[in-house]
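Undergrad: Please find one structure pasted underneath; my questions will follow.
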Amino acid sequence: MGCDRNCGLITGAVIGAVLAVFGGILMPVGDMLIEKTIKKEVVLEEGTTAYQNWVKTGTEVYRQFWIFDVQNPQEVAVNSSNIKVKQRGPYTYRVRFLAKENITHDYEDNTVSFVQPNAAIFEPSLSVGTENDTFTVLNLAVAAAPHIYQNAFVQVVLNSLIKKSKSSMFQTRTLRELLWGYKDPFLSLVPYPITTTVGVFFPYNDTADGVYKVFSGKDNISNVAIIDTYKGKRNLSYWPSYCDMINGTDAASFPPFVEKTRLLQFFSSDICRSIYAVFGSEVDLKGIPVYRFVLPAKAFASPVDNPDNHCFCTEKIISKNCTSYGVLDIGKCKEGKPVYISLPHFLHASHDVSEPIEGLNPNEEEHSTFLDVEPITGFTLQFAKRLQVNILVKPAKKIEALKNLKKNYIVPILWLNETGTIGDEKAEMFKSKVTGKIKLLGLVENILLGVGVVMFVAFMISYCACRSKRSK
């Protein structure tokens, strides 16, 4: 009887040990299965989960606009006073709802080419007003004229046309006109062929961004979705060295198995450059654990602090000998127009940039850019891309509308928040297909390991106790 009991205890201990060992073996095997499945599903080829969502995003993407309505236009034009602005918005449009077009697979170099059609649909229910709301804003054509045409004689001619068209430093425009374009009265009088339609995002509707050529990841998963060329080039030909390079993805996804130490590089045609995000925090998004990567202040730092930005410092006066920070001159990729980009409300900008503008309230939570990336697949499940469009205005003695200015202004026109979040249905599907299976496998592994260890220890304690009693 004692022998039978000892055998039972030993058998139980052996079973426990086997379960523990099996649980330990299952862990790396399970990890290998997960890795193999993920590597298969994130490749950009027909039939994969990634390809289906890549061709046409399953997430509703919105672009919200806040317009800076100028409160003292006459005071600025006459006395060169600080510009007082009042933010109005949001005005919301649905964007990126069209599927990619002209998709072409190159199976020799494992790339996919495509264009992304542009279209915007106004969403009244998500807006504070209508597209016919009016704003007092900078006159885009008048402000840009002396910057583009610096010859004194040409400026005299332009001044006569500005006066004849009754244009001034500021103008009143509807939301629709400001964003998507209007026929400018001053430019319409220019006696040679030029584009007379002006708008912050003109042209946009019925256009396409690209051609993009990205790696499919078929031969190397670490390259999946990374841009190989844009418009047939590996660089933008606007600036030399780093600023010229196209790095990373389009931010919709990244190569899988994202670590917190990784810099997530992505290219944005809106700002004519590649940029990067760094790990900020862990976030629970509808039950899915994600890593939040944020755009660091260093991305808009002066060349003194961030040499990668040296090519965005195009002159010494406006930039205070390249020591100003928080704005980037992208005029070279905007046909020479004096366009500067920044974070909203000049977040992280130097005092000299924001000092001539009153009414700004930079806020990290509202105005920073972030990406919520599911680390196993590399899919971006939520994002907020926030940028501000500004125009440089300088004194121009030959142009009456600008002759009273005594200082340079980087004038904020608007800021935007392009945002998207995985829908509830898609989130549940993602959890069932990806995170749910991973959690289940991990739970099974831990249960087997835990039960095995407990059984082994319990039976060994019982066995030792039994042996002790027998010896007495």
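Sequential numbering from 1, following the chain as shown.
Cβ from N, Cα, C; glycine included.
Per TrEMBL, ubiquitin cross-link is recorded for Lys469, Lys472. Annotated disulfide bond per TrEMBL: Cys243-Cys311, Cys272-Cys333, Cys313-Cys322, in sequence order. Residues annotated as site 'Critical for TLR4-TLR6 dimerization and signaling' in TrEMBL: Tyr463. Taken from TrEMBL, the feature transmembrane segment applies to 7-29, 447-466.
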Undergrad: Between Cys272 (disulfide bond) and Cys322 (disulfide bond), what C-alpha distance do you get in Å?
TA: 20
Undergrad: To the nearest whole angstrom, what is the C-alpha distance linking Cys333 (disulfide bond) and Cys311 (disulfide bond)?
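TA: Distance between the two Cα atoms comes out at 12 Å.
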Undergrad: Counting Cβ neighbours within 10 Å across all chains shown, tell me which of the disulfide-bonded residues Cys272, Cys322 comes out on top.
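TA: Comparing the disulfide-bonded residues Cys272, Cys322, the most crowded Cβ belongs to Cys272.
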Undergrad: Counting across all protein chains shown, how many other Cβ atoms sit within 10 Å of the Cβ of Cys313 (disulfide bond)?
TA: 21
